[in-house]
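Before anything else, here's the structure in question.
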Amino acid sequence: MARITLEGLAHSYLPAPRGPEDFALKQLDHVWEDGGAYALLGPSGCGKTTLLNIISGLIRPTRGEIRFDGQDVTDLPPEQRNIAQVFQFPVIYDTMTVYENLAFPLCNRRMAPRAVDARVREIAEMLDLGSELRRKARNLTADAKQKISLGRGLVRADVAAILFDEPLTVIDPHLKWLLRSQLKHLHRRFDFTMIYVTHDQTEALTFADKVVVMYEGEVVQVGTPDELFERPAHTFVGYFIGSPGMNILPAEISGDRARIEGHELPLGAAYGRLPAGARVEIGIRPEFLSLARAGEAAGAAVPATIRAVEDVGRYRIARTRIGEHEVAVVAPEDGEIPSDGACVVFDPQRINVYADGHRVQEGG
Amino acid sequence: MDKTWNNKGWFFVLPVLALVLFSAAIPLMTVVNYSVQDTFGNNVFFWAGSEWFEELLHSQRFHDALWRQFLFSAIILAIEVPLGIGVALAMPRKGWGVPVCLVTMALPLLIPWNVVGTIWQIFGRVDIGLLGHTLFGLGLDYNYVRDPLDAWITIIVMDVWHWTSLVVLLCYAGLVSIPEAYYQAARIDGASRWAVFRYIQLPKMHRVLLIAILLRFMDSFMIYTEPFVVTGGGPGNSTTFLSIDLVKMAIGQFDLGKAAAMSLVYFLIILLLSWIFYTVMTNAGAERGRATGGEGGR
Amino acid sequence: MTEVAESVAGRMPAASRTRRMAGGPRLRRLVPALYIAFLLVPIYWLVNMSLKTNEEIVSIFSIWPKHPTLANYMVIFTDPSWYSGYINSIIYVVMNMAISVTVALPAAYAFSRYRFLGDKHLFFWLLTNRMAPPAVFALPFFQLYSAVGLFDTHIAVALAHCLFNVPLAVWILEGFMSGVPKEIDETAYIDGYSFPRFFVKIFMPLIASGIGVAAFFCFMFSWVELLLSRTLTSVDAKPIAATMTRTVSASGLDWGVLAAAGVLTIVPGALVIWFVRNYIAKGFALGRV
């Protein structure tokens, strides 16, 4: 187990990258604390897998340094890094039995057969594979295969970190949940550093203590699930996390007032000078909006037209329009939705201000 | 894939059946017919029973041809399969090299067989061929017309030239279907180059390799045109393989009964050996089908 | 280690920056290069000869033509007994491709979708025909086609080549068809498609690459075969390959024209390969990777 430090990391797949657009992974500095459960969340093509492969050593970064517990491993090949990686599709050695699969990394390192045997049995027990050891690996189900590829990583003593590259893609939904809780259990028991790549926010939020959100080759926010929800550091995070995502509206800000579509709204805090020429927006989650009849509304209300109402079970989503802009509002299941003359009520404390996509700190 | 039981299937097979009956079954019946009769010409035939078969099976000429044929097929497989795998492993997986390799490698497969023979007949000649001339220049006494060993070497090199690409292309198809993640996992597991080949690449090539071996075996066992053009079966009978012998007997000597008997025995040998391959393949396919939830196929 | 990896990574784009575990990148490129050289040198020699005069061929040994000439090719393009050989070959090859694929399509569908009485035996019996040595069939074919009056016609050769091409086409198509989920068929029936309409409109486009591969193989084996096509023809349908063998025995030493004819027989194959180059790898695996 180790603390993994990334410093000044950048990677381009081109031999001679010129502009920042040539980089799959832009400037990155980050520390993965020992024993942390991290999720690396982002849409396809945002550089998650590249980052993962850099950590495991499959890719050597164009620039920057990777340190495991302070030791520079940038130039070490994967087999010398003590990294376990579980891939999107189960990777197992078809012709071997489960036992042989688990013993493979140890045999490659010329470990004594006795020690191999003990270790393999221990890991198999841990993953509930004890009864399957003699079976041909290729005849197993997808989730058992994923467990084997996980086990092949765990079987080595002193695993620095376990990396997961969307490991549940091919698993049946009801088993997904089971496997995920087994992972969490393993994490609590053994305190591995785990990095879990996914594009599924539910997976990320339920698995991880800390979520790292990536967008177009950059880390846009690192935080707990709550932080990501309440204070998205980037409009992308607001939009990507939550269902429906955060509402983003262009606005003008002066002090603790925002002006959208000609209506003035109070803000929870005062803002200083915003960068000149920046695209200024406010963002608020649909959960922190409510609907009211015009005239009855108190506080920060803006007139809106309601276009559609979706019933999603425990609550309803009202699709409204303020001026030119779509705004989603979460309405309680039993609440009344005014058919016309409605307005959207904002919770000032929950409004975030963004300049060029990045969140602006209050005060300043 | 689960197939439904439906005898309607026979209607779909009917055209093929009719065609194959016409172009295979009827001629085959003629062969059977000849193989049990004798004639003194004038289309008068006598019942000869198993006479031809007995004569054939005791004939030294047939034994020699059969032995040569087995030796040839064995050598061919022993060279072409490892070489094909080796070349396939070394082929580029992406970039401009891929189409270049594929197109040039497939080229010998589409050259008419007698032209293949002609190419090597010319190429190996001491007076006008590059190969023969070079070997002669190096002081080697190479002459495929006179020396049986040289003739064999020429024909084997020719067959390697002609057919190894088939093995290469099949193996290559197997190799490119291996996801990158397998190689990555193997690196993390610290697998050696040999282990990668043994546990990842070879299992993936298993099926295509069986197809390759089956096709190469069948075709090398039936080889006729190429050696016929190069050596005409000589010097002496040293490169007279079964097909060449058969054609000599049937058309050259018009020894119909014996030729027909030989045809049948020849065919049966191929059938038997191919059946063994086929059984192995079906079993392998079935096992794999179960494992992956049925990709179908035999 | 890293230096080598760096230099490879520098030249190879995209995902191959993942350091490969090859036995040395230089060797990796050397093997295919040597193999291709081995394949091309004999062909080059043929081309080289085809551009020389007969005097040059027999008198001086030269690596490239000293006095390049197209005279040998002119002989072929002006003499009907030569160029009609090409036309004959192409006619029967195309006929064979059409016949083989047409009859193989429904059969392959049946084998891939239904179980029926004796299906396994039938399938194996079909394959046995691919294993039949043409030499066995040469004489009976001659007698059969003579008897029905088809001797020396294109259709005779096309039908004879069906002997090995139909089983192969069935086998290839069955492989590709099994890769198409059965649900497609069922959905189409539910949507009210009749069987023939479903087969032509929906199913055939789905296995288009398989049909292409099957046609390619039919072309290949029909184009390269000589024994049967020579036995079944004398004048009117004589294939180019047979024309070549006769010229050799007749004039004996017209090496230049022989080489030129050989080069021209390689051209159609090369063209076909060029068109299907992107499918070659999958095609040769017969859809069974």
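Each residue's number is its place along the chain shown, starting with 1.
Using N, Cα and C of the backbone, Cβ positions are placed for all residues, glycine too.
Predicted automatically and left uncurated, TrEMBL annotations should be read as such.
Per TrEMBL, the feature domain 'ABC transmembrane type-1' maps to B:66-277. TrEMBL lists B:12-32, B:70-90, B:96-116, B:128-145, B:151-175, B:208-225, B:259-280 with the feature transmembrane segment.
How buried are these features, and what lies next to them?
Sequence-remote contacts of a segment are chain residues at least 6 beyond its ends whose Cβ falls under 8 Å from one of its Cβ atoms, and for the transmembrane segment (B:12-32) they are 260, 263-264.
Below 8 angstroms of C-beta separation, residues 122, 151, 153-154, 230-231, 234-235 of the same chain, each at least six residues beyond the ends of the transmembrane segment (B:128-145), sit close to that stretch.
For the transmembrane segment (B:151-175), same-chain residues at least 6 beyond its ends with a Cβ under 8 Å from one of its own Cβ atoms are 72, 75-76, 79-81, 83-85, 87-89, 91, 93, 102, 105-109, 111, 116-117, 120, 124, 144-145, 201, 204-209, 211-212, 215-216, 219-220, 223, 226-227, 230-231, 234-235, 238-239.
Taking Cβ pairs closer than 8 Å, the transmembrane segment (B:208-225) reaches residues 69, 72-73, 76-77, 80-81, 84-85, 113-114, 116-117, 159, 163, 166-167, 170-171, 173-174, 241-244, 247, 269-270, 273-274, 277-278, 280-281, 284 in its own chain, all 6 or more past its ends.
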Cβ under 8 Å, sequence separation of at least 6 from the ends of the transmembrane segment (B:70-90): give me the contacting residues as numbers and ranges.
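Distal contacts: 105, 155-156, 159-160, 163-172, 174-175, 197, 201, 205, 209, 212-213, 216-217, 220-221, 223, 241.
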